[in-house]
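Pasting the relevant annotations from Swiss-Prot:
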type: ACT_SITE; residues: H275; note: active site, proton acceptor
type: BINDING; residues: Y24, Y129, R164, R278; note: substrate binding site
type: BINDING; residues: S106, Q127, T155, K251, 306-330; note: FMN binding site
type: DOMAIN; residues: 1-380; note: domain 'FMN hydroxy acid dehydrogenase'
Amino acid sequence: MIISSGNDYRAAAQRRLPPFLFHYIDGGAYAEYTLKRNVQDLSEIALRQRVLNDMSALSLETKLFNETLSMPVALAPVGLTGMYARRGEVQAAMAADKKGIPFTLSTVSVCPIEEVAPAINRPMWFQLYVLRDRGFMRNALERAKAAGCSTLVFTVDMPVPGARYRDAHSGMSGPNAAMRRYMQSVFHPHWSWNVGLMGRPHDLGNISKYLGKPTGLEDYIGWLGSNFDPSISWKDLEWIREFWDGPMVIKGILDPEDAKDAVRFGADGIVVSNHGGRQLDGVMSSARALPAIADAVKGDLAILADSGIRNGLDVVRMLALGADTVLLGRAFVYALAAAGGQGVSNLLDLIDKEMRVAMTLTGAKSISDINADCLVQAIKQGL
């Protein structure tokens, strides 16, 4: 198969993965309206073409939290990444490191902090949920700090798990789920050998380290389900802010008032995100939410954005709408599932190329030049 775009990686991943894994990463909440709008709204944003501007000296380099990034992209935290390729978190982190961008390790990764951090040269980021088990949270923070993680990404849009109906149909959950997953794996021998067998252990490494025993997929569902905390408030984050002395980013902001609260709290950054359409269906796409949030807090903290970003054009669009940097989630997991770490490297190079074309034809010589002036006026006013 010829790979020429991010969509090609999605198609390749669908062929290679057992359905329960493909649909877990590909699906969203409820009827998946927000999942679709994330992609569609971004694709409908018209860039303003400018020509004859001598674009020979063009740079994608940017700075964020005292780190230099080769382009304004980081890999987002994605749970179970190690189920999509053999020791998938390590492979993805190495690809990000090679490209000169941050990798964010999920709380519910297969590979633990202690396995991923030594595999790369630059400090990785670590993502954490607010959970009832505060002992686990403190343990994870201590281990992240000891491993040299530079930035904490705190996910706040999961006080309860989203209703992901596709998971019940695919075998990730629902009746006879374990048997259905086993039967699917039989018909995907490449994955079964390369990941299912050679990629062991399939523990949720960060949780296993804390509990002192292996945890499999069923444990993941049960332990997390009992630990989500709907009582969380900004006050619950205060001890974390005091404990963590590095940059702290609040992930899951969709409203300008919440963004202002993050500034008052003392966050270093926010991620404008609807969790990739996986939590509450019917909320605004990140692209639609971003401009008002940028108007409210631009300059007070770093603004990151995710959800719906599939290519370099989408990165430029998000930056023009007010983001400083974007996070890639599904896009890199598709590439990882299709072709391992090399697939992620190829995807990042493709995004780099797509960004350069878009910047050249919008007259933006640097990342700081990408702003609302790069958008068609009607789009700026009526997104």
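Counting begins at 1 with the first residue displayed.
A Cβ is built for glycine as well, from the same backbone N, Cα and C atoms used for every other residue.
Because the structure is a prediction, the values reported are computed rather than measured.
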I'd like the Cβ neighbour count for R278 (substrate binding site), meaning other Cβ atoms within 10 Å of its Cβ, all protein chains included.
25
If you measure every Cα to Cα pair among Y24, Y129, R164, R278, the residues listed for substrate, what is the largest value in Å?
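Between the most distant Cα atoms of the substrate site, 19 Å.
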List, in sequence order, the same-chain residues at least six positions removed whose CB sits under 8 Å from that of D314 (FMN binding site)?
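Once residues fewer than 6 apart are set aside, D314 (FMN binding site) is near L42, S43, G308, V326.
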Look at the recorded positions H275, D306 and tell me which residue has the greatest number of other C-beta atoms within 10 angstroms of its C-beta.
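Answer returned by the neighbour count: D306.
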Just jot down the residues in the same chain as S106 (FMN binding site), at least 6 apart in sequence, with C-beta under 8 A of its C-beta; none if empty.
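In sequence order, the residues whose Cβ lies under 8 Å from that of S106 (FMN binding site) (at least 6 apart) are P77, V78, G79, T81, E89, Q127.
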According to DSSP, does S106 (FMN binding site) sit in a helix, a strand, or coil?
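Assignment for S106 (FMN binding site) reads coil.
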Just counting, how many other CB atoms are there within 10 A of the CB of M318 (FMN binding site)?
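Taking all protein chains shown, M318 (FMN binding site) has 29 Cβ neighbours within 10 Å.
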For the domain 'FMN hydroxy acid dehydrogenase' (1-380), what's the mean pLDDT in this predicted model?
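Taking every residue of the domain 'FMN hydroxy acid dehydrogenase' (1-380) together, the mean pLDDT is 94.
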Tell me the Cβ contacts of Y129 (substrate binding site) under 8 Å, same chain only and six or more apart in sequence, or just say none.
T107, T155, M158, F228
Going by C-alpha positions, which of the recorded positions (R164, H275, R278) is nearest M318 (FMN binding site)?
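When the Cα distances are compared, H275 comes out closest.
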Around Y24 (substrate binding site), which residues of its chain at least 6 apart sit with Cβ under 8 Å of its Cβ?
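Long-range Cβ contacts: L80, D167, S170, M172.
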